[in-house]
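Here is the structure we will look at.
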Amino acid sequence: MTTRPEQAREDVDPSDGTRGPSVPSDPSDPYDAVLVLSFGGPERPEDVLPFLRQVTAGRGIPDERLAVVGQHYYDRGGRSPVNDLGRALVAALHDELGRRGAELPVVLGNRNWSPWLDDALRSLHDGGARRVVTVVTSAFSSYSSCRQYRENLSDAVDALGAEGHELVVDKVRVYATHPGFARTMAGLAADTAAGLPREVLPSTRMVHVTHSIPLWMQESSGPKDAPDVSYRHQHEQLAALVDATVEQRLGVPLPSTLAYCSRSGPPSQPWLEPDINEHLADLAGEGVSDVVVAPIGFVSDHMEVVYDLDTEAAATAAALGLRLHRVPTVGTHPDFVAGLADLVLERAAEARGEVVERAAVPPGALWSTCPAGCCAGREDRPALCGG
Ligand SMILES: CC1=C(CCC(=O)O)c2cc3nc(cc4[nH]c(cc5[nH]c(cc1n2)c(C)c5CCC(=O)O)c(CCC(=O)O)c4C)C(CCC(=O)O)=C3C
Ligand SMILES: [Fe+2]
């Protein structure tokens, strides 16, 4: 990120010693805390069902699907990996901001389970915070991955306000094309592809994977009347960057597709396709031997990754005689964490009224703040951090 003041700042005048506004010594000014906002998951078997009821309240998910998903959690001792991953990201981001002279608290708050978002904000307020900047653990635009979090922020800030605690909450921009995320993902995919024996490359395919969403959610994703920046399009753009990086590393291109995992909802409701398992069957039919699976839609190895990819899709591949090579998620990769710190400090600079240059690959950043109507849900609910 490069920044320049909107108006030339006055420097210290050595003749009379008066000083105008100076560059803040803390690059995170005006923020006094960072919230890492995540999905949340259960940490013990008795929390699994209440968690699933919380996630699916009023969403028409069939009971059979809930039983199946519940079993994924019970198979792992009733503990989701997602909160531990969130805490690891919090620690890494805190350290990285500290290295840049931004000494401020960083906390985890979840939409669906403890540590709950409203408790996280209350604890920040109790500690003296009055203006908080949020990093969501999803890089992409859609109701589920962006706007619903903004609605959760609105509800939580209202609830605190009702207790007499005023808090201003901002959020970093959608970061699907931010180099800290996009280039790190691409580099990890290239590392995995480069580990394959040369002789299998002619029969190797690249499969980019993200979370499926209902078609209505795809259609409302991104700013209204801007169909070229939808959820799917953001993934296609990242997939193209990954493919180019892989080709550069291998010296040959790997043909690729974008596939989806973790579909839920009633079968009558259309969701984004193809499903990764069906796609693997198609590839096996075409004589493919090896598949590099890049989970570009996820920032860490949470349940969808360790179950839907590493367990289910891996079993599908094995049954089809395909070798599956799973690319790591960005997790707490130093370049990803540095990118999140850049985004926090970029938002701080914008909040100070500075003009910032927003890094993006390909160049031409997505919007700074979500406009009104961005990623609309089925009902019109108040959301923070938008126009
Ligand atoms: C786009 C997207 C992301 C990525 C962005 C982001 O990270 O936010 C995401 C993440 C996650 N989803 C998660 C878990 C679940 N998602 C469900 C259901 C749903 N997800 C949806 C979409 C997304 N989900 C949708 C459209 C539904 C249907 C119900 C609805 O319209 O809301 C259900 C209900 C059962 C089922 O149907 O599968 C569960 C248990 C966990 C925690 C994993 C862990 O514990 O490690 C995480 C990180
Ligand atoms: Fe989900």
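In case you wondered, yes, glycine gets a Cβ from its N, Cα and C as well.
The region 'Disordered' annotation in TrEMBL covers 1-30.
Sequence annotations record features per position, and here TrEMBL assigns compositional bias 'Basic and acidic residues' to 1-12.
Per TrEMBL, compositional bias 'Low complexity' is recorded for 21-30.
The Cβ neighbour count for Ser80 (Fe-coproporphyrin III binding site), using a 10 Å radius over every protein chain in view, is 24. For the recorded site, Ser80 (Fe-coproporphyrin III binding site), the DSSP three-state label reads coil. Summarising the annotation, TrEMBL assigns Fe-coproporphyrin III binding site to Ser80, Tyr149.
Its Cβ taken as reference, His211 (Fe(2+) binding site) is surrounded by 24 other Cβ atoms within 10 Å in the chains shown. Secondary structure from DSSP puts His211 (Fe(2+) binding site) in a beta strand. The Fe(2+) binding site annotation in TrEMBL covers His211, Glu304.
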Return the residues near Glu304 (Fe(2+) binding site), defined as same-chain residues 6+ apart in sequence whose C-beta is under 8 angstroms from its C-beta, sorted by sequence, else 'none'.
His211, Cys261, Ser262, Phe298
Give me the non-local Cβ neighbours of Tyr149 (Fe-coproporphyrin III binding site): same chain, 6+ apart in sequence, Cβ-Cβ under 8 Å, ordered along the sequence.
Leu37, Arg111, Thr134, Val136, Ser138
